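Working notes, structure below.
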Amino acid sequence: MSIVKVRNIFLIGPMGAGKSTIGRALAKELKLEFYDSDEVIEERAGADISWIFDIEGEEGFRRREQKVIDELTQKTNIVLATGGGVVITPENRNALAGRGTVIYLKTSLQQQFERTKRDTKRPLLQTEDLEGRLESLRDEREPFYDELADVSFETDKLTVKAVANNIIKYLYGEV
């Protein structure tokens, strides 16, 4: 049985949706290469994302992200976990939409809050009102996620394996 709907799998969604964890499991199961765009950006910069935001601002980070997304989406047979804000740049949306299957991993605000509340490595979440910030980011980005996605999957209350299996069933045309 071959995967007919995909040459690349791109995971989008908010911080804390499970893109990196599910992406690794999916790549392993499908025997594809896995990339996390944020990790690639950090490797190339020799610094973590918080440092990039501190020194270059969000604009500098988004420039780096755009370059990495353009490069990675030109590869074949990969699973790519993207950063939560990847969708705000039109060039990123075009690259993702034109070069693979875009899967939106959805999660509730409550689940997102639980998964990110102790995370000090996410510069956009360093705020007193984390829930308010998550809601604001959702309101800004969700229309882009919905528009860009070929399909979406809920991640709340499901194991990593269950979500990965649901995605695989979709890719094989079993859903």
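Backbone N, Cα and C atoms are what each Cβ position is placed from, and that goes for glycine too.
Annotated features in Swiss-Prot:
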BINDING   Gly16, Ala17, Gly18, Lys19, Ser20, Thr21, Arg122  ATP binding site
BINDING   Ser20  Mg(2+) binding site
BINDING   Asp38, Arg62, Gly84, Arg141  substrate binding site
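Everything Swiss-Prot records as a feature, shown here on the structure.
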residue	record	DSSP (3 states)
Gly16	ATP binding site	coil
Thr21	ATP binding site	helix
Asp38	substrate binding site	helix
Arg62	substrate binding site	helix
Gly84	substrate binding site	coil
Arg141	substrate binding site	helix
Largest tally of Cβ atoms lying within 10 Å of a Cβ, found at which of the binding-site residues Lys19, Asp38, Arg62, Arg141: Lys19
Packing count at Ser20 (ATP binding site) (other Cβ atoms within 10 Å of its Cβ): 18
Alpha-carbon spacing, Ala17 (ATP binding site) to Gly84 (substrate binding site), which is rounded to whole Å: 9
Distance [Cα-Cα, Å, rounded] between Arg62 (substrate binding site) and Ser20 (ATP binding site): 19
Site extent for substrate (largest Cα pair distance over Asp38, Arg62, Gly84, Arg141, Å): 17
Gly84 (substrate binding site), number of other Cβ atoms within 10 Å: 24
Candidates Asp38, Gly84, Arg141 (binding-site residues) with Cα within 10 Å of Lys19 (ATP binding site): Gly84
Residue from Gly16, Gly18, Ser20, Thr21 whose C-alpha is spatially nearest that of Arg141 (substrate binding site), among the binding-site residues: Gly16
Surrounding CB atoms that lie within 10 Å of the CB of Ala17 (ATP binding site), all protein chains: 28
Close in space, distant in sequence - Thr21 (ATP binding site), Cβ under 8 Å, 6 or more apart: Val160
Rounded Cα-Cα span from Asp38 (substrate binding site) to Gly18 (ATP binding site), Å: 14
